[in-house]
Amino acid sequence: MALEEGARSCLLRVRNRLEQDIKPSYLMDHMISDGVLTVDEEEKIRTQVNMYQAVELLELLLRKDNHAYISFYNALIKEAYDDLANLLHDDLPNISPSVYKSFPDGCTPYVQTVLSEGGVPQRPVVFVSRPELVNRIREKLYRLQKEPGWVTVFGMAGSGKSVLAAEAVRHHGLIEECFPGGVHWLSIGQLDKPDLLAKIQSLCFRLEQSLDSQSLQRPPNSLDEAKERLRFLMLRRYPRSLLILDDIWDSTVLKALDIHCRILLTTRNRSLTDSVSGAKYEVEVESGLEDNKGLEILALYTKTKLQGLPEEARSIVRECKGSPLVVSLIGALLKDKPNRWRYYLCQLQQKQFKRIRKSSSYDYDALDQAMAASIEVLPDEHRDLYKDLTVLEKDIKIPAKVLSVLWDMEPEEVEDILEEFVNKSLLYVDSNNKPYLYYLHDLQLDFLVEQNRNELESLHTKVVRQYQQHYKDGHPTSGDDECLYWIRFLTYHMAKANLSQELYALMFSLDWVNIKAQIMGPAHLINDYVEYGPILDKEVYRHFQEFLSLNGHQLEQRPFPDVVQLALSEPHNSEVYRQALVKAQEGASRGKLYIDWLNKSSVESLSLLVIHPHQGSIYSACFSHDGTKIASCGASKMLKVFKSKSGEKLMEIQAHDEEVLCCAFSPDDRLLATCSSDKKVKVSRLDLVFEEEHEEQVNHCQFTNTTRRLLLATCSNDKFLNVKLWNLNKPSSQNTVFGHFEPVNHCCFSPDDNFLSTSSNDGTVKLFQVSSANEWKTINVREMFTESDEEVLVKCSTWTADGKRIICAARNDVWVFDVETSDMLLEIRTNRLSMVQYCHACPTSNLLAIAYSNYAVELWDLGSNKKMADCSGHLSWVQRVQFSPDGSQLLSCSDDQTVRLWETKKVHTSSAVCLKRDSDVLFTDEEIIVSAADNCNRLWIGIIYWNRLLATLLGHTKTVLHCQFSQNGQTLITSSEDTTIRVWRWQSGECKVLQGHKEQVRCFSLLSKSPTETTLLSWSFDGTVKVALTHMHIHRTAHREAILSCHVSPDGCFFATTSADKMIKRCARLWPDFDLLSGLRIGHQDCVRSCRFSWDSQRLATGDDNGQIRLWSVKDGSLLKICSRDGKDGMDSLHGGWVTDLHFSPDDSLLVSTGGYIKWWNVDKGEALQTFFPTGSALKKIHVSPDFSTFVTIDNIGILYILQRLM
């Protein structure tokens, strides 16, 4: 829009005065920040001689619009040209259309309707206009007309940010031009995740109410779901609408609401929007009012004309430095006692309170004095109640019910008292929440703490005692605001009250762990143990912290897991296990099913902490340089930062449009760099994006190790220009490093930052001088592989702490080279069946960490070339490892979506046998004999309770897929990928080979009950079923695709097969042939991987790759039950993966199934009774004792589980 004529005339009228007095360089910075002046225009003005710069600026201003005039006016104010600003003030343009000038500020009936529907608060009863600030906010909001973005209104508490935000949108032209989709107000405040979810649910419900009834949906169950629901509503149903977020305290709220829409927010923290993407604009609200505005507030409170105010009124405004909060406090007091002007002025002038400062921009003098004056007018009994508020945590809102417990009063009586506090401006109320939430301003709380410092312990003790009296029958679990407060802060009050015994009993209770983890999540619990651990029993504290640290990712699942069952997997000497065993035995006596892990003493959990930060593979994770934070990124496109001690999330942003391949902290931890397959490099907190330099995906990024000369190195899949050094003060790279002509996978600075190493698909590691970007030398790793013609891709390189050696990884080897001579010093021979994904040298010792594709992490001593530790626990490829700066910890991240932390001094090599998942078990009265293949295809047979190896059988040439004992235990039958079946007399080693299948023999069943005659039913990936009796073979093609499972009914009349073709076939067994009775396909949408007849041969259970279990009638093939059908949206129904094995109990009332974990079901109801989470995953089969009390299985990392039902 063109500059209004009145504004143009004003500029021409005072032009000479402006040209003589202003310094354009100071003003132009503000105008560029406002976006009304470009950098090129600024440069053109600066090229003029000083005396003509002002002339050029005003000439340019006359050609611009109303926004530029307002920005110029605001710049004059900021640079203290108050006299010049006054010359322009009267002609400030109204940027709304003139047609609406007949309404005050363009607030038409249409605007009132829009704002009312959007929940925008009305003007307060005591209201004074602040047009300069309102116009400044509106000017920023007009920037959102064409694109989404953020407008932040920030300033100190009590400065009127919320009122200003509401006033800014009370304008017809603004809404019509920029936000025709409406304006929607959401009051936030200090929230945890459950509260934030409830807020967004409420907003979604409000938005959907305006749509047709068919658009109504169930409330979203998680923040991610709520975010997507709100994104859909704002972008599709309410396009070009404005979302106002009032009173934002935490960047996590913004990240949860970062939905690419138009947002206006009010906050104290100017930097909150650093964590989100999009265009950003700011408006600062001054902490103090002008004298005339402060006087206007007092006049409105006392219903007096400005001219009629006593002299004390002006003194009060000046004495409190124009603080809106203080003026309102005094005004509220004068409303009831209008003859106390002199008294309240004396209170402000004479009271000597301790000066409180939180930052240089906060002056708390006036608030202290107003606080004292306000409290003195309270009745004595209410003064004591107000003192009780001293125990509250800062920034926490509480419902009246919490104070009802503390004061032992009826909630209605408490609400009346709180209303009095609010009316006296001694307390604030969030009336947008139902029930209302109450809170103290930080400064009010600081004042109370200072006043009652000697009584803090007794005040906190009162809180604890009142809680214990009120909830003597058990902790609250309702999940409402009152429950959330007590569950979150009870430990805080106990610690502040120095109630060590009560705190000990509470925190070392599985009941408390169960309640708090379910309501608040595991991170809050872990933080409690970190914070209060020093005052608790160290040994027991360690037990509970380890339990939560290693199982936190399980406690985040919904439905919520059984904490007692999880705790039964803890070591036998753990207090956690002791409590769980007692509770499990009590539960078992009442008919609840619990499972104990008998042989867990042979398995060590060496992880310090397990975190599940992403949905999708994690490609990179790194420590901050102070070791307190960890950043991670991966396939989810997100960058997340969390505490290294507890896993509590600190930051979350969508970093790129495609997979994020690497992240790195700057040496001072202020910056975070990321690179991606979208070909971009980004630096968070500087908002730098380098997107035109690389032409292919960027694989790795790393900062220099010190800030002496801060550079960022990146490498990519580009053919030639694939390594770059970035100077963060420039928009383009400082140097392009030439040398590689194939993709570069990794780059790494030497410890002294003098050299940069690069690892490439051309089979070399090159060292470049950082100062010149010239190649120094090349290490040809490809030459190390003389026996193979295959290409050699160097994955990564790492420098030893002294910078004298460089280590690189290629294929399944790790090589150590001398930097000066390029001589190979050491070859680390790793697992030949696995590829090295990454390696990292410890910055403080001789240790080297290696990550593998076989899910393992190993620690090696470079001095002795000896493996020092196996770090087992990941369930998929390990993509990255990194030592902490002090070398005490090691992190690893994996495609299994977890980040694991390890203590380098505690991890060690394991002597346990690593078994494959195909096995058989022979249950006897006194012992359990297990037969399983190890990773070398040797058959391992052992007595579990004696831990003694009985035999090792060699013969199969490929992987053993299945093994089973005969009924008398003297014969062992095995099948293999080599297409054969072998029948062993395992004690003598005698072997008979059965052939006939064309592809791998997946499995078989024993049909003969004779101890001397072996009859087998076998099935294969070739789609055939075969019966083998001595040397005779009968076969039938049963499926078009691979047969995945087969089972014979206990009565011998039927057998069933399942296949990758999603079919289930039920056959009658008629010798010497068998006939197909029926094929079942209805229901299963994925491969049907397992089947099992019930013991009475009346039911057939089947499981598929979607984790679904179905029960069928054998008689007519009808569907009887679908297990966990109602929980299809939860992880409970997914079984953690494929359903691979099924077994009925002898009475057919229970069913056990394996997949990602083990589940026990009630057959009649189809309900899950219990879940056991193994250390690994992808369980293949489970062996069940005849009495259904003992269960044996092996997970994908080779851990053997002997499980027993507690009776």
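Even glycines carry a Cβ here, placed using N, Cα and C.
Look at TrEMBL and you will find 3-91 tagged as domain 'CARD'. According to TrEMBL, the repeat 'WD' annotation covers 653-683, 737-778, 871-912, 953-994, 1081-1122.
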Taking DSSP helix as H, G and I and strand as E and B, the domain 'CARD' (3-91) has 69 helix, 0 strand, 20 coil
Per-state residue totals over the repeat 'WD' (737-778) - DSSP helix, strand, coil:
0 helix, 23 strand, 19 coil
Using DSSP, what is the helix/strand/coil residue split across the repeat 'WD' (871-912)?
0 helix, 18 strand, 24 coil
Restricting to the repeat 'WD' (953-994), report the mean pLDDT as a whole number.
82
Using DSSP, break the repeat 'WD' (653-683) down into helix, strand and coil residues and give each count.
0 helix, 16 strand, 15 coil
